[in-house]
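Reviewing the structure listed below.
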Amino acid sequence: MRVLRNFTIFFLFTALSLFRQISASAGDLHPVYVSCVNRCIENKCHGNPSDTSKLPLDLKLFRWDCGSNCGYECEITAENYFAAHNLPSQQYHGKWYFIRVFGIQELFSVFFSMLNFMIHYNGYHIMRRCIPDEHPAKRLCLSWAIVGMNAWVWSSVFHIRDTPITEKLDYFSAGAFVLFGSYCTLILMLRLDQLPGGKLLCWIIGVIFIAAFIAHVSYLSFYSFDYGYNMKANVAVGLVQNILWYYYSWSNRNSGLYWTRWPAYIVTSLMLATSLELFDFSPIANLIDAHALWHLSTVPITHYLYGFVVRKCSYDLTKGTFKIKAYDSSR
């Protein structure tokens, strides 16, 4: 349990450090950047930053306008200034400068987000094929994969083009995935649906989770888009989920089944992957940063997640954990 305590502390430290990084942004406050943007809007946009008439097709396609394009071009100007004066690169509105490719802001983050979508898509079909229809949690597991696919779709969209709308859709979808993952973990690990009155209990917990998500989204949408609150909410829910996964591995440590250790390995790997954000650095070749590498690292982790779910659900049936008709393992 000491290992669990240490990794819990590490997880909290890493997550809170991420919030400090998100909040800090010196580049867009630098006089070189500010004066450049003002001149660009005045001279190129003729005072109308929403104009798109002179932009190439790829920028129009991804909803760039003259003002946002000025911001991008002035990031280049500011970065050249910093390099000429031996100053470190800076972040702009919470992000590093990236080379834009055909209107796409963060090419590798988009690509790695799409890889994550594919691994969830593949996981969906593996579970659909390998989890027996008799398992009462099969639909829940499939829904988990669908929520995951949705989250990575909006992650891809957000990294293609960062706007207030795509940012909210990315954050809200990620929050839904974390919350729904915690709900699924409660059901799968603790088998709440097999308790007396378990179906009602699961329904009540589901309603509470849905109400919490609606309240969370409403607060961020209509009151204040508070990055700190959003981070803390996701950390709290994620921490509960991680503890449950660790508990499952610990409680089955003497089972003799190698795959019961996977939840602990998965959570530990996820925490280590998240630490990439803690050691943030300016993008390599202005294309790949720590955030992109974090997206890449979650691909193999998710693969093992679905592998574990399939094994556990099959084991539940063969060992009679669920009170249903006998499962024919030869199918």
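Numbering starts at 1 and runs along the chain as it is shown here.
Backbone N, Cα and C atoms are what each Cβ position is placed from, and that goes for glycine too.
Membrane topology taken from Swiss-Prot puts L55 and S314 on opposing sides. The transmembrane segment (169-189) shares more Cβ pairs under 8 Å with 233-250 than with any other stretch in the list 200-220, 233-250, 264-284.
Nonlocal intrachain contacts for the transmembrane segment (101-121), taken as residues 6+ away from its ends with a CB within less than 8 angstroms of a stretch CB, comprise 58-59, 61-62, 64, 95, 145, 148-149, 152-153, 155-156, 159-162, 287-289, 291-292, 295-296, 298-299, 302-303, 306. Taking every listed stretch (140-160, 200-220, 233-250) in turn, the largest tally of C-beta pairs under 8 A with the transmembrane segment (290-310) is reached by 140-160. Sequence-distant contacts of the topological domain 'Cytoplasmic' (251-263) (same chain, at least 6 residues past either end, Cβ-Cβ under 8 Å): 245, 304, 307-308, 311-312, 315.
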